[in-house]
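Chemist: Starting off with a structure, shown below.
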Amino acid sequence: MTHALLIGNPNCGKTTLFNALTNANQRVGNWPGVTVEKKTGEFLLGEHLIEITDLPGVYSLVANAEGISQDEQIAAQSVIDLEYDCIINVIDACHLERHLYLTSQLFELGKPVVVALNMMDIAEHRGISIDTEKLESLLGCSVIPIQAHKNIGIPALQQSLLHCSQKIKPLKLSLSVAAQQILNDLENQLISKGYKNSFAYYFSRRLAEGDTLIGEKAFTESLLIKLQETEQNLDVLLADARYQKIHEIVTLVQKKHSDASEHFTAKLDKLVLHRFLALPIFFAMMYLMFLFAINIGGAFQDFFDISTETIFVQGSGWLLQQLHAPNWVIALVANGVGKGINTTITFIPVIAAMFFFLSLLETSGYMARAAFVVDKAMRAMGLPGKSFVPMIVGFGCNVPAIMAARTLDSERDRLLTVMMSPFMSCSARLAIYAVFVAAFFPSGGHNVVFSLYLIGILMAVFTGYILRKTTLKGHASPLILELPAYHRPSLRRLLRETSLRLRFFVYRAGKLIIPICVILGGLNAITWGGGISSGEANTDSLLSIIGQWITPLFAPMGIHQDNWPATVGLLTGMLAKEVVVGTLNSLYAQVGHVGEITAAHFDFWGGIKAAFGSIPANLSELGSALWNPVSASAADSELSQSVYGIMSRRFDGAVGAYAYLLFVLLYIPCVSTMAVIRQEANKRFMWTSIVWSFVVAYATSVVFYQGAKFLDHPQQSMVWILAMSLSLLFVLAVFRYSQYGMGRQNAAANT
């Protein structure tokens with residue numbers, strides 16, 4: 001077996017290459033002692049097994065105790081500590097000179113290295129030609145030109161790993177005699193301490209460049225003190241010598257012609273990064289994403305809903321009736337498992353549309369600019385602009401967004417990002433929005449969704465601002481970001497990335513929604529006295545009693561006593577937000593007897609025909625929905641007979657529904673999010689997030705509902721608005737003074 005490390009600069013296509021090499025044969029875990037994700041994969045080449053470990057993206061192997069993220073520290077330590085046979089160094093052919101800096105450091109390890117020269121097609125498009133044979137000769141290692149996103153050059157790279165045994169010699173750097181003597185002395189001292197010759201050479205260079213995390217602490221500190229006494233700026237001298245050597249190599253192997261794409265990028269950036277137009281363009285892009293997801297994705301939603309309802313709910317119920325199964329079995333299978341499958345599959349088109357648009361923004365190069373644009377606004381409030389990059393990931397799922405905060409250098413910025421990320425509307429929340437938009441906002445539903453996403457962003461910023469003024473005081477670290485050139489992503493790549501994200505989401509949602517629907521169906525079938533009902537909802541069921549008991553707590557935000565399924569949805573949503581849709585769909589169906597199946601009413605082919613017929617019908621209304629959302633009407637004539645119809649009767653109109661959506665947006669994160677907050681921060685931060693999000697959600701929903709209904713009952717509304725305002729101020733005061741101890745404890749834990 002051959003074990004190879006995959007390393008390269010950020011945004012060099014390393015992850016794309018890792019996926020191309022290993023396909024689905026991947027494992028994800030954590031590096032020992034830290035929470036940084038560790039990805040390994042393998043593939044067979046004939047009968048030879050090759051294992052790949054994907055290291056975090058880094059610009060340099062120098063690991064300093066201050067100003068380095070966990071990702072960078074892991075990469076720097078892994079090249080020393082792990083047992084491996086060779087290194088695959090991924091280089092962006094468009095930025096050869098900058099990427100060879102890391103290559104020069106890797107050569108000093110004395111290990112076999114294969115250079116994967118990626119994005120050759122993009123380089124050619126930009127007028128860059130590279131003589132790979134001459135580059136291979138000058139570096140002294142294999143150089144394989146590849147296009148990872150098109151799987152071009154991958155077989156040649158795989159073959160090179162079979163013959164990767166030649167140890168690489170370091171590049172010869174032009175240093176002064178005095179500087180070279182100091183490095184030789186360092187190397188000899190390390191050898192006398194028991195280090196192998198190759199590691200002694202490598203460590204001496206890292207120490208000279210200011211690395212404080214390698215070797216024995218006491219010994220390396222003494223060497224660093226001696227270095228400071230030499231009055232030689234070895235780190236600067238080494239960096240200058242590296243760039244000088246790299247420039248010589250690049251001059252010999254690279255030719256650059258006129259680059260039309262650079263001119264196009266520069267012209268477009270004048271508009272996209274304009275001082276006054278940048279933020280409006282950013283919000284316009286976000287708005288287009290929700291417009292695309294709700295209208296384009298929503299056009300196919302009825303197809304998935306009707307077809308899966310016909311097959312898994314009505315079909316399974318009809319089949320069990322033919323087998324004379326008991327009513328409780330029919331209820332559990334049809335309205336439990338069947339309704340769970342129906343719920344999971346129904347919101348696939350909306351989620352897929354959003355993932356597709358996100359992938360388009362990311363691969364085109366705009367998303368990096370979005371972080372740059374938002375940085376100025378966030379830094380004005382003392383918040384780190386870098387936080388917005390992980391927070392954008394939160395539009396898909398809050399869990400990876402919080403985990404992505406590991407890439408931030410500052411501990412303060414990392415904790416701020418962890419606490420702000422749960423307010424970003426994840427794709428599971430989008431599924432809930434889509435259901436309510438169909439029931440209550442058939443015209444201009446994308447405007448409703450956009451407002452919710454915007455409120456989530458504003459609440460995240462507000463939370464960060466409060467933390468900056470209390471627990472996490474300090475200055476925001478500067479944003480250093482590489483802005484890639486704009487390019488047109490291939491449809492194949494967009495579909496592949498959308499498919500990968502969608503499969504993960506559906507798998508995660510399905511394995512939660514289906515069991516929850518079965519459990520809810522069981523609780524709804526069991527009466528308080530221990531009997532079994534026929535499967536229809538009744539006021540004596542355990543679920544009904546629990547829901548009715550808790551519902552009065554939510555009365556100020558418009559949830560009335562007969563709308564107890566909405567309360568149960570909030571409770572199950574604490575497990576996972578995608579479960580809310582399954583809960584509402586299951587309970588409202590049983591309350592309204594929508595799930596009752598009879599042999600006389602079941603028409604399989606009629607249901608399938610109606611499902612296919614919904615696609616052209618919805619697409620024909622797409623133009624009016626996009627260009628004239630006010631006059632467009634998507635009201636369904638059969639809405640009153642469906643779950644949507646039951647929902648519209650139970651909620652207090654559009655106002656009550658929007659108040660409910662505000663609570664869903666802001667309240668307690670799901671179990672997975674809470675767990676990762678505890679993992680990335682500590683228990684106190686987790687509980688702070690839970691309490692803060694619940695208070696903010698409740699206060700915001702109540703204030704909105706009471707404000708909207710102010711004319712109906714002005715005195716009652718005024719009391720509730722004042723009460724919520726005072727409660728929020730009280731929590732802020734408690735938060736300010738009680739968090740001081742938490743901040744000190746956390747600071748101590750991280751020193």
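Every residue gets a Cβ built from N, Cα and C, even glycine.
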Chemist: From 98-118, 182-202, 539-559, which range did Swiss-Prot mark with transmembrane segment?
Modeler: 539-559
Chemist: Same chain only, please: residues at least 6 beyond the ends of the transmembrane segment (657-677) with a C-beta under 8 Å from a C-beta of the stretch. Say none if there are none.
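Modeler: Residues 398-399, 402-403, 418-419, 422-423, 425, 428-429, 432-433, 436, 439-441, 448, 452, 455-456, 459, 554, 557-559, 566, 570, 573-577, 580, 647, 651, 685-686, 689-690, 693-694, 696-698, 700-702, 704-705, 708 contact the transmembrane segment (657-677) from elsewhere in the chain.
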Chemist: I'd like to know which of these binding-site residues, Asp54, Asp121, is least surrounded, judged by other CB atoms within 10 A.
Modeler: Asp121
Chemist: Just jot down the residues in the same chain as Met120 (GTP binding site), at least 6 apart in sequence, with C-beta under 8 A of its C-beta; none if empty.
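Modeler: Within the chain, Met120 (GTP binding site) has Cβ neighbours under 8 Å at Ala93, Ile130, Pro145, Ile146, Gln147, Ile152, Gly153.
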Chemist: With a Cβ cut-off under 8 Å, give me the same-chain residues at least six positions beyond the ends of the transmembrane segment (422-442) that come close to it.
Modeler: 293-294, 297-298, 301, 347, 350-351, 354-355, 391-392, 394-398, 401-402, 448-449, 452-453, 456-457, 459-460, 463, 505, 509, 576-578, 580-581, 584-585, 633-635, 639, 644-645, 647-648, 651, 653-654, 657-658, 660-661, 664-666, 669-670, 673, 677, 689, 693
Chemist: Excluding Asp54, Leu55, Pro56, Gly57 themselves, which residues in that chain have a Cβ inside 8 Å of the centre of the Cβ atoms defining the GTP 3 site?
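Modeler: Other same-chain residues with Cβ inside the cutoff are Leu6, Ile7, Gly8, Lys14, Val58, Asp71, Ile74, Ala75.
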Chemist: Are there residues at least six beyond either end of the transmembrane segment (447-467) with Cβ under 8 Å to its Cβ atoms? List them, or say none.
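Modeler: That would be 283, 286-287, 290-291, 293-294, 378, 381-383, 387, 391, 395, 415-416, 419-421, 423-425, 429-430, 433-434, 436-437, 441, 629, 658, 661-662, 665-666, 692, 696, 700, 732, 735.
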Chemist: Which residues of the same chain, at least 6 past either end of the transmembrane segment (685-705), have a Cβ under 8 Å from a Cβ in it?
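Modeler: Apart from its flanks, the transmembrane segment (685-705) reaches 415, 418-419, 422-423, 455, 459, 463, 556-558, 652, 655-656, 658-660, 662-663, 665-669, 674, 677-678, 720-721, 724-725, 727-728, 731, 735, 739, 742, 746.
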